[in-house]
Amino acid sequence: MKNESTFIDVPAESSSAMKGKAPLIGVARDHTTSGSGGYNRGLAIFDFLLRLAAIVAALAAAATMGTSDETLPFFTQFLQFEASYDDLPTFQFFVIAMALVGGYLVLSLPISVVTILRPLATAPRLLLLVLDTGVLALNTAAASSAAAISYLAHSGNQNTNWLPICQQFGDFCQKSSGAVVSAFVSVVFFTILVVISGVALKRH
């Protein structure tokens, strides 16, 4: 009977062995979580680098437009022919808007760093998605309105008798056109940033 009791105790040991296998399942889940975290961290690093590039594009657009000023070498007794960004309200709006876009991007860098350090955190990524979408709209509005005025400066409008001025004010038009191109580059960067935030949130 003692030998039989000894054989009865064997299933108890096997059940404890089965309990010992339970942590292996938890370890497998941890590997899955760490894999997702590594993917999101890679997206966060790319997000940070894109923000640096967008800062350069936005501030370059504001600075270039803000310094677009040209005075023709000839003048009359009563008139001096000059073209400047502050002569056009649309270009004034462009300078202010792009400066705000650049300032926002600088302030968003710490939040982007948080997403690198905590790749699985949802709140900072969601905050960036909402703010980036709003600033993207402002950036697009500034770039589009300035592009329309720049087109009129180059081509004019025969229906309204608006004459092109870029033949006379070549430097002014070149600077303003460069600023518009830089602003649209910033729009592309912002679009990618919004997509990155959406993908990262979907991975959660």
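Indices start at 1 and increase along the chain as displayed.
The backbone N, Cα and C atoms fix where each Cβ goes, glycine too.
Per Swiss-Prot, the features are as follows:
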- 1-42: topological domain 'Cytoplasmic' (TOPO_DOM)
- 43-63: transmembrane segment (TRANSMEM)
- 64-92: topological domain 'Extracellular' (TOPO_DOM)
- 93-113: transmembrane segment (TRANSMEM)
- 114-125: topological domain 'Cytoplasmic' (TOPO_DOM)
- 126-146: transmembrane segment (TRANSMEM)
- 147-178: topological domain 'Extracellular' (TOPO_DOM)
- 179-199: transmembrane segment (TRANSMEM)
- 200-204: topological domain 'Cytoplasmic' (TOPO_DOM)
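Ranked by Cβ pairs under 8 Å to the transmembrane segment (179-199), the stretches 43-63, 93-113, 126-146 are led by 43-63. Looking just at the topological domain 'Extracellular' (64-92), the mean pLDDT is 76. Long-range contacts of the topological domain 'Extracellular' (147-178) within the same chain: residues 64-65, 67-70, 72, 81, 83-85, 88, 90-91, 184, each at least 6 residues beyond the stretch ends and with a Cβ under 8 Å from a Cβ of the stretch.
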